[in-house]
Amino acid sequence: MAIHLYKTSTSSTRNGAVDSQVKSNPRNNLIYGQHHCGKGRNARGIITAGHRGGGHKRLYRKIDFRRNKKDISGRIVTIEYDPNRNAYICLIHYGDGEKRYILHPRGAIIGDTIVSGTEVPISMGNALPLTDMPLGTAIHNIEITLGKGGQLARAAGAVAKLIAKEGKSATLRLPSGEVRLISKNCSATVGQVGNVGANQQSLGRAGSKCWLGKRPVVRGVVMNPVDHPHGGGEGRAPIGRKKPTTPWGYPALGRRSRKRNKYSDRFILRRRK
């Protein structure tokens, strides 16, 4: 969808650039409520994920990441906004009467037909195993574990590429630049996730950020020493260290956070950029 620029009637909308409005009329049997009470805290009430809290109430849409409706074609009926992700979703009416939500593939329009299975065309929105796809295919919603459902390349504009197949494994280049092995029997959806311009949006004001459940971000250098290692000093003082750190004293700006000796290290051929 296109990026919409506001008319500069107020200072808050002068710098705003948001996506054009997509209506949301979810089906009652495909939604359920969520109770957001954590606000970035753990069970002891300590902040473990900063800058979270508040936000508008949301209803969770049940998304079909498994795409296990085999050899039954479905038709795209609506393209809707989902408050729980930056990608749009599609309501699919299948031939047997069932209705499901899927991620909106880029370029898909209302009335298009999709299908899942092993011997289906290599066309946008169709889901099939990696072993049945030709090399160079652009894919998204990729399974890591067979039958568990898609877990990779699900954000707006995300796309991965099938670059090799050898033995029981397929080699993929993920959106992060990581190159890794995945079982050829795992399924994926052909095409790119829609709403490619999601990263070009500018909310323009703090209130819009608040509606998304994101709290203000404060620099550590303006805090007190009890709150951050960078804090304290008289007036505008430097951080007082050779290198910046996190609020808990660990090195910041580039420290690797991935667990050492993780079981999946043997499947990663090249680390992400």
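FYI, residue positions are counted from 1 along the chain as it appears here.
The backbone N, Cα and C atoms fix where each Cβ goes, glycine too.
In Swiss-Prot, the region 'Disordered' annotation falls on 1-23 of the listed ranges 1-23, 24-46, 185-207.
Packing against the region 'Disordered' (1-23) from elsewhere in the chain are residues 79-81, 88, 194-195, 197-198, 200-205, 207-208: each is 6 or more residues past its ends and has a CB under 8 Å from a CB in it. Using DSSP to sort the residues of the region 'Disordered' (1-23) gives these counts of helix, strand and coil: 0 helix, 6 strand, 17 coil.
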